[in-house]
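If you check Swiss-Prot, you get these features:
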type	residues	note
DOMAIN	2-89	domain 'Core-binding (CB)'
DOMAIN	110-289	domain 'Tyr recombinase'
ACT_SITE	ARG150	active site
ACT_SITE	LYS174	active site
ACT_SITE	HIS241	active site
ACT_SITE	ARG244	active site
ACT_SITE	HIS267	active site
ACT_SITE	TYR276	active site, O-(3'-phospho-DNA)-tyrosine intermediate
Amino acid sequence: MQPLMEQIRAFRLHLETERNLSPHTLAAYDRDLRQFAAFVAAEMGDSATAEDVDHLLLRRYLAQLGTQIRKSSQGRKLAAIRSFYRHLLRLGSVSRNPAELIATPKREQRLPFHLDIDQATALMETPTEEENYGLRDRAILETLYSSGLRVSELTGLAIRDINLAGGMLRVMGKGGKERIVPLGSRAVRAIQEYLDSRGGGTATAPLFLNSRGDRINRRSVARIVDAHVHEIAAFKHISPHTLRHTFATHMLEGGADLRAIQELLGHASLSTTQKYTHVSLDRLMEVYDKAHPKARTPEPEE
């Protein structure tokens, strides 16, 4: 029987020729399986084969990884090993798949960062008319916060997609799904002032332009958001998506229904929207602790 490393090389060739995977995915498989093979060789010697590996050895490998990388990366490496063994099972090269006995490590729940209301309000005021592109930048910030758009949705807007009189936006979301989202009065005013300053435009013209008069791109929007955020607070990094998180969190804290927020954000699944409930529950507990008389820490007895 072939040593493990030779079996991995054969599997990689299969992925490249039969599965037509991208170079990036192939490199990830190769890197993860070579790391696994190095651990097996250190434990069992260079002549060890895939059949020699049992679930106990695999558990030790994952335990070692647990001290070095995140659970999401552990899960990816385990998935690569599972695929490798499934391939060997189909070929009859092994009698079992030890990776099937190992549960995928649960990913850490990372709560989305958001600005508080005072920070969001201050951010909207940072661009000024005196600055180059100040009106444009304010319109961009107000639109992101007012409607919770993805940055790709914002950069894809044309003038015909906005209804300033009705306070509405037509957005093309993921998977080519169109949705209508409200546009707050501050955003309406900011967009109107921006369009007036540039002399309007045709219906099909991009809503937001760069310095050359072309459609603004996502990288430029990210730079705009980051630059203005640093005027109000010393955050390490804030992205346009932070304003999307901020929109959703403030909507929920204001009493909006989770289903309505799902529709506004263009989420296909409610489970994607539910992450914002964790943020708001933290806020509710903070309010409860401060406001409810029985929630306060009792004074120590003399």
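Numbering starts at 1 and runs along the chain as displayed.
Just so it is clear, glycine is given a Cβ too, placed from its N, Cα and C backbone atoms.
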Those residues of the chain, 6+ apart, with a Cβ under 8 Å from that of TYR276 (active site, O-(3'-phospho-DNA)-tyrosine intermediate)
PRO112, HIS245, ALA248, THR249, LEU252, LEU258, ILE261
Report the same-chain neighbours of HIS267 (active site): residues 6+ apart in sequence with Cβ closer than 8 Å to its Cβ, ordered by sequence.
THR273
When the number of other CB atoms within 10 A of each residue's CB is tallied over all shown chains, which of the active-site residues ARG150, LYS174, HIS241, ARG244 has the maximum?
ARG244
Roughly how many angstrom lie between the C-alpha atoms of ARG244 (active site) and ARG150 (active site)?
7
Could you state the CA-to-CA distance between LYS174 (active site) and ARG150 (active site) to the nearest Å?
9
Roughly how many angstrom lie between the C-alpha atoms of HIS241 (active site) and ARG150 (active site)?
7
For HIS267 (active site), what is the secondary structure by DSSP, using just helix, strand and coil?
coil
Treating G and I as helix alongside H, and B as strand alongside E, what does DSSP give for the domain 'Core-binding (CB)' (2-89) in helix, strand and coil?
69 helix, 0 strand, 19 coil
Average pLDDT across the domain 'Tyr recombinase' (110-289), rounded to a whole number:
88
Under DSSP, is HIS241 (active site) helix, strand or coil?
helix
